[in-house]
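What TrEMBL annotates here:
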{"type": "COMPBIAS", "residues": "668-690", "note": "compositional bias 'Acidic residues'"}
{"type": "COMPBIAS", "residues": "1326-1335", "note": "compositional bias 'Acidic residues'"}
{"type": "DOMAIN", "residues": "1-98", "note": "domain 'C2'"}
{"type": "DOMAIN", "residues": "246-367", "note": "domain 'C2'"}
{"type": "DOMAIN", "residues": "410-541", "note": "domain 'C2'"}
{"type": "DOMAIN", "residues": "953-1078", "note": "domain 'C2'"}
{"type": "DOMAIN", "residues": "1125-1251", "note": "domain 'C2'"}
{"type": "DOMAIN", "residues": "1482-1603", "note": "domain 'C2'"}
{"type": "DOMAIN", "residues": "1724-1875", "note": "domain 'C2'"}
{"type": "REGION", "residues": "136-179", "note": "region 'Disordered'"}
{"type": "REGION", "residues": "662-697", "note": "region 'Disordered'"}
{"type": "REGION", "residues": "1307-1335", "note": "region 'Disordered'"}
{"type": "REGION", "residues": "1378-1411", "note": "region 'Disordered'"}
{"type": "TRANSMEM", "residues": "1974-1994", "note": "transmembrane segment"}
Amino acid sequence: MALLLQLRTVSGLRGKADRIAKASFRGLSFYTRVLENCEDEARFEETFRWPVASNIDGNEILEIQVFNYSKVFTNRLIGTFQMVLQKVVEEGQVEVTDTLIDDNNSAIQTSISIEIRYQALDGTVGMWSDKEFLETPSVHSEGGGTYPLETDSLLSGHRQGLDISPGKSNQQSAERSFRRAGKGVFSAMKLGKTRPTKDDHRKHDEPAVLEAEDLDRKAMRPGGGLEPDTISLASVTAVTTNVSNKRSKPDIKMEPSAGRPMDYQVSITIIEARQLVGLNMDPMVCVEVGEEKKYTSMKESTNCPYYNEYFVFDFHVPPDVMFDKIIKLSVIHSKNLLRSGTLVGSFKMDVGTVYTQPEHQFYHKWAILSDPEDLTAGLKGYLKCDIAVVGKGDNIKTPHKANETDEDDIEGNLLLPDGVPAERQWARFYIKIYRAEGLPRMNTSIMANVKKAFIGDNKDLVDPYVQVVFAGQKGKTSIQKSSYEPLWNEQIIFTEMFPPLCKRIKIQIRDSDKVNDVAIGTHFIDLRKISNEGDKGFLPTFGPAWVNMYGSTRNYTLMDEHQELNEGLGEGVSFRARLLMSLAVEILDTSNPEINSSTEVQVEQATSLNCTGKMEEFFLFGAFLEATMIDRKIGDKPINFEVTIGNYGNQIDGMTKPVLRRKKEGGDGVEEESELLQNSSEDEGDEDGELVSVSSSQPVKPLVTDRNYFHLPYFEKKPCIYIKSWWQDQRRRLYNANIMDKIADKLEEGLNDVQEMIKTEKPHPERRLRGVLEELSSGCLRFVTLADKDQHHSSRTRLDRERLKSCMRELENMGQQATTLRSQVKKNTMKDKLKLVQNFLQKLRFLADEPQHTIPDIFIWMMSNNKRIAYARVPSKDILYSIVDEEMGKDCAKVKTVFLKLPGKRGFGSAGWTVQAKMEMYLWLGLNKQRKDFLSGLPCGFEEKKTARGQKLPSFPPISLLYTKKQVFQLRAHMYQARSLFAADSSGLSDPFARVFFISQSQCTEVLNETLCPTWDQLLVFDNVELYGEAHEMRDDPPIIVIEIYDQDTVGKADFMGRTFAKPVVKMSDEEYCPPRFPPQLEYYQIYRGNSTAGDLLAAFELLQIGPGGKSDLPPIDGPTDMDRGPILPVPLGIRPVLSKYRVEILFWGLRDLKRVNLAQVDRPRVDIECAGKGVQSALIQNYKKNPNFSTLVKWFEVDLPENELLHPPLNIRVVDCRAFGRYTLVGSHAVSSLRKFIYRPPDKKAQHWNMTAKHLNGYVAMANGAHRSRPTGEIVVNMEPEVPIKKMETMVRLEANSDAVVKVDVTEEEKEKKKKKKKGGVGGGEEEVEEEEPDESMLDWWSKYFASIETMKEVGVYRRGVYCRGEEENFVSCLQGSKGQAKNKEKSKAPKDDKKKKQQAAPELPEKNKKQKIDELKVFNKELETEFDNFEDWLHTFNLLRGKIGDNDDNATEEERIVGRFKGSMCVYKVPLPDDITKEPGYDPNFGMFQGIPSNDPINVLVRVYIVRATDLHPADINGKADPYIAIKLGKTDIKDKENYISKQLNPVFGKSFDIEATFPMESMLTVAVYDWDLVGTDDLIGETKIDLENRYYSKHRATCGVSQSYSIYGYNTWRDPMKPSQILSKLCKEGKVDGPHFGPGGRVKVANRVFTGPTEIEDENGQKKQTDEHLALTVLRHWDDIPRAGCRLVPEHVETRPLLNPDKPGIEQGRLEMWVDMFPMDMPAPGPAIDISPRKPKKYELRVIVWNTDEVVLEDDDYFTGEKSSDIFVRGWLKGQQEDKQDTDVHYHSLTGEGNFNWRYIFPFDYLMAEERIVISKKESMFSWDETEYKIPARLTLQVWDADHFSADDFLGAIELDLNRFPRGAKTSKQCSLEMVTNEAELPMVSIFKQKRVKGWWPFVARDENDELEVTGKVEAELHLLTAEEAEKSPAGLARNEPDPLEKPNRPDTSFIWFLNPLKSIKYLICTRYKWLIIKIVLALLLIVMVALFLYSMPGYMVKKLLGA
């Protein structure tokens, strides 16, 4: 059933243009090809075909649009033609010529001529000319076309709700020729370009050309006009590209990476906690990662403890296990030895979340603490921490550990990933477990077998239960005894914050066993895939759906070696079970009182099964076309292959029967059965009875291929398998995933192409990228249309619906973004856009991964002798059939090359690299009803062999295929060379040879000894290669060639080194051997070894058909026959590269750090250089110890190299040691794989002057404030004004966004004004600043400079992030290093205003420090200097010499360990002869060739001065989680250990030391700075070390000997350090660089080359005398030396570099960082001055006097004994450093009835304070056992608490206030004005700093939390704070409390204070008279009454007796 449209011509067009037409019907559009330059008529003559699923209705419309085509802009519509199909439906065929209409619906003169044909289903109209249903059984065909059900159900699509697309998509190949063997097939269109049927290929050679280029598969763009955007590269991807659609891509990477343990380090710094809920607590923090726990110290009596403690956890586990570990931070209150403490609150997050953060870390973020036991409570406080997770090789860039002064904006820096809301709610996760099926046998219980023998009781041998692990909690279902198909119907409920910070839920079926429970299978649910956080998102939801579990093979053994696979580590190798489950999340309303919070398991009723889809019968067909490369280790027993899907087809250990039976009986009962019955049409007899699945091939004895491999004789007879299975029909899920996968594959392929084009520098990669984006957007729109018509199945789960919506939204969005991006792709924006497109790719892959499984994956096992040997796993979606092309799996009905691998751990390492078998397989999986098409994709030309029963039935599957057609070919493999191979021998080299496999033949190249870059230059000819199938299919789709590289060993088997694939270019016997396809080009193929790349192979392959004339017709093999090499054929002339003559000059400088070889030291080394067979040897170093440099510096050799630079062979460097008696030993070698960076290209004359400078100029001479005025002389003026201190945030804000000028701000003026107005100044915090007077120059030291620089670095960092995408503008960076001040100006002027506001909110006002005046700064690099300056390899390169084989598993033998030394030198490659002007330059020394002007390499004495500033984040080395670090420095023979100056218990020690060492280069040039941990007992441990190559620094043009300061001064903290003055340095640089200058002129100008610089010319000495100097000018030039044409480069500024510390025991993981710098001074120059003093600042001694005057409104705690009246006995406690150290209490104000207390009490707190870091320094012993005092730095916080004194019980805590002395709210004037606002609303209030105010008095509130955790005021205190320096305190002393000197008067406490022991009588009188008078009277009366009654009772018995006795 189809609609055919033949578009003939469009005539009456105007103008001349490229035309294209588009035809649309039922939402599916086809494009014609582009007709270029047509004038009035466009003859398209193309046919389009829409296969239709349901009958066409008479009023449907066909639309044709005609466009003018444009490559760049969108196509312009000429006109539209629409036709109602009524007549077509009636008549079946219509020819039409009609005019088009334009946008306004008016006719235009252009007309169109078409013919339409329609074939309906019922056969009433039209001819079956398309042979579409040849297979339809002809039983009923006479009966008026009532077709049997099979085809009917296939096409009508109504009965089973299939989604049949109203059209075959246009992405597949062009119309396939109809099958000769009598199979019908839908033909497909390829973007409307009809490919001529295969037989026409001979007539046009043009399509053949295209296919060679692989275009055919690429976007042939609407219509095949070759738009440059779409031309693909036959590049490294050549193999993976794919011409026709019979074969799918092989996967190159083999070894599974999952499950392999790796090193990880989790480092956590707990900084401080705030706002902890609770009264007067003693908190400590417990840090838990996985199972490990560590604790911080305990801080007493505070709600905001400060810890700053660092913890490190090391793990060696697989990534999956690592990322599921939970990090749990909990704050515990008053824990001690006896009690475990109470939990205040905790925070959980999994390691994976941290690892996915940028830089794998959270830095200075606040974790919200909540109490899991109490859901109704709000947050329990905040914890500030840093968390980082480092894997091997990750380097973490920590932001600079500067003084953390910014008052933290907690809400803005929460410890949450982006996109997670700050207010997280509690939620319940309901995980429902319904049932499982298909479980394997889990024990061999002998008793069970005995029982079975006697009673016949056959029990299922497994006792399953399900365990769910989420966020560190576990839940279990009940155990179902002895059941392979357990039913649970239970739900497990977890309560967790939402959204959770744990990514995965782990669901495991386990087998309960008396000894230990084992996992049967594990499945992880990724919460990100089952929820969507967008505004139209949805909560996590899942199912009810089946999840499939995979793991080890099903045969039970007691010790299962693959048990780990069942735990979810690594790729499962067999189906284990499937589990029906669902998940729902409910956000809790915590105000509801019924809520309780435990993870309980409760049982609930199951839902019936129909919700998971209707049972359908699926049919899987497979054919084995080839089985080669079978590992010989297996032995020669017969081999067979088994295919399984779920348990179906598994004959050894599958237990299929019960499942199949139950499903057919159970399920949906009656209806189910009938559905299956009606399926079998009569002619197939009782098909279900007949079609017994055949799931494995017949065992066959293998034949020998070569030394390593067997092959199976699958020649003309190919075995087949077929399996019927029953699954719920949820194909829709897989279809959607397939559509997205295909879009993603296309995108990935396009991106690979683009990257390849960039790499190989092909023209116009941006066009190709545009093409890729266009494809992407059309693919996305296509997805939306296809998915949109997804009917509403009853069986769709909520997740299906929500996912579909969100996928459609995402893809629609992506399509639009791709369209907009396409228009923005330009040459210069290419890189960024490419990154964005990469993100699209990741997103697509993420969306395509379907979380709800359906049909299990297919496993193919190779069995030998009934043992499972090796397997391959094919996802079922990849081979799933659909009528719609896009929905079809990518490997469905295609021949796929599958490599079998060893299961589980056996496949790790080298075992995983050898192929176990290479299979060519054909697979098809679909509904049984759609079975008609299952053979459609096989290579043609076969006959089917069926079982006896199935002979008559056309759609019965064959058990084997017999190929009647075979073609004979000759394969020519041109193996030219390989490079960067794997080092397989201990010498660090290999003896490589290549082995080429094709079908069942293999051949080897010769072995080349001792090289990693072999040039084999060899042609391998495979004769009489027989391929089965039709000739034309071979041409498009040849089988792949496998090339393996081996290392030949003298003994034993060759070692495997890597593998790659290739596809040959095919020539049929009737084609010409001529361009453009032949001879083929050499291409690079990437070689893989496991998952890692292991070099490239340069080769070409051609497959030539041997025609009827035999081999004589083949092109002759003409090449230079190589007489030396005997019978080896070299690569023929047309294919080998064109060579030309090059000269290679080598600079031999020296050898360094050579290690011993075979225990002997290297004494007389020599370097041999070899490239393409030619080479040169260095001079011999006579005595390596005395002088490791070479005597002759430059040598050269000439060599023939390919013209194409990409094909240049590598250059090999080898170092040999010449020993006695003419023996040579190889020391080590290095291969320079790419010579490109060493190629010298003579400069172009015209551009010579400007090419260097233009790019800098635009970048920033314009920025260096000042005009870039052009002068007639061509000079460029760089105007350098003295810099202005733009260091202040205030200033920044006031800069206008458009101002370009330098804004001078007189800071002091502004401050004065501020003082006057007392206004709320500042930006972020509205801070009221009261500045001190300017500090004196003498107060500044090096540290002032350092801290100021760090501030700048941070600010600049913030701005850079705002203004630029990172790394976009290199010039900018260089400019920043240049003129700091101006650059900052400019930068600010660039940031738009709104941007600024945001920034200021983000970074609250930094308190002003040392900024009162301009401080000269240095540059703080937060990385090594080397990375900033390209390793200082500007002319001297360092080549690592390697030796020893590369370790096989990742853990050992890293690159580092293989380094045996370094060769220093360089090389230069250029074509000869050179242009004359270079050799004729003045001063040209022919001995040095291209290396003019290099210094001599004679030994030189140097003074090396090493400054160590500080270390940060050291790895703890002691048990207490701290370290005692000291510095050790080693250079040559000098070894300095600064052991006595170790710093106790510090992980962030400040060393502040400099060391002077005299050294002789080159012998002593490697400086090692190590940090050791001092131990009292035993040896000191190395924490980490860093190595610096001083020699490269010394000789570098960047002048790294001594950094250039920012300004020149001759005294003070910023004294010029270099013995040479700036002017001397400048003249030296000019002389060396042959630059004209410097010419100092009047008026502060200097001219260098054609640049003029201006600047100040006066300098002040200590006495304030001014004198003239040129130094400032010279310095200006030096700081802009990179602007100087030709000779210019960036000079190293005065700096501090940050170097990572590494420890050889933990390779690749940073152990901390060291801030330092090195100065070097040659000894033959004047000596430098003394070293700068950078010793750590001594803390300044201060005294803080706090007078507590009064309290007011203190809450009353006690009830009076007598009156019950409320009162309090108030006292106030205060401390500064910590409660234990110096708490001070006032006296007690007894019995305050109003909460008023009078104290007049003075506390005195002496303390040591570091101004720069704003920390108090205290030294104390950590415990009584400590050896020495430890220095702590704590924030300066004064704590005041109010207490109620009790005599006999503990005092009651009433409230507290903490004042941060640097910023605390100004006290209120009166008690009334003092409110809670002062604590809660700090942001808005004016803040003061005691260090600036010196004296502050006022009222502050005491606060505490009430029962509801709300803050409330519990009192107010009037206090006065007075800060004095130690000297001032000495001058004006004051006494503690109210003592002398300067005593305070006694408080005037009113009588009511009832101080009974002071004035007892008065108190008693008061009591009796006033208050208690009546009470006392009442008591007395009562007493009298009681006495009377008592007397009465006492005397009554006596009287009674008397009376009775009558006495």
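Placed from the backbone N, Cα and C atoms, the Cβ positions cover glycine too.
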What are the DSSP helix, strand and coil residue counts for the domain 'C2' (1125-1251)?
13 helix, 56 strand, 58 coil
Could you check whether the domain 'C2' (1482-1603) packs against the domain 'C2' (246-367) - three or more CB pairs closer than 8 Å, residues at least 6 apart in sequence?
yes
Look over the recorded stretches 1-98, 246-367, 953-1078, 1724-1875 and say which has the most C-beta pairs under 8 A to the domain 'C2' (410-541).
246-367
Are the domain 'C2' (1724-1875) and the domain 'C2' (246-367) close, by which I mean at least 3 Cβ pairs under 8 Å that are 6+ residues apart in sequence?
yes
Tally of residues which DSSP labels helix, strand or coil - the domain 'C2' (410-541):
16 helix, 57 strand, 59 coil
Can you work out the mean pLDDT of the predicted model over the domain 'C2' (1482-1603)?
90
What is the three-state DSSP composition of the domain 'C2' (1482-1603), stated as helix, strand and coil residue counts?
12 helix, 53 strand, 57 coil
Quick check on the domain 'C2' (953-1078): DSSP residue counts for helix, strand, coil, in that order please.
6 helix, 61 strand, 59 coil
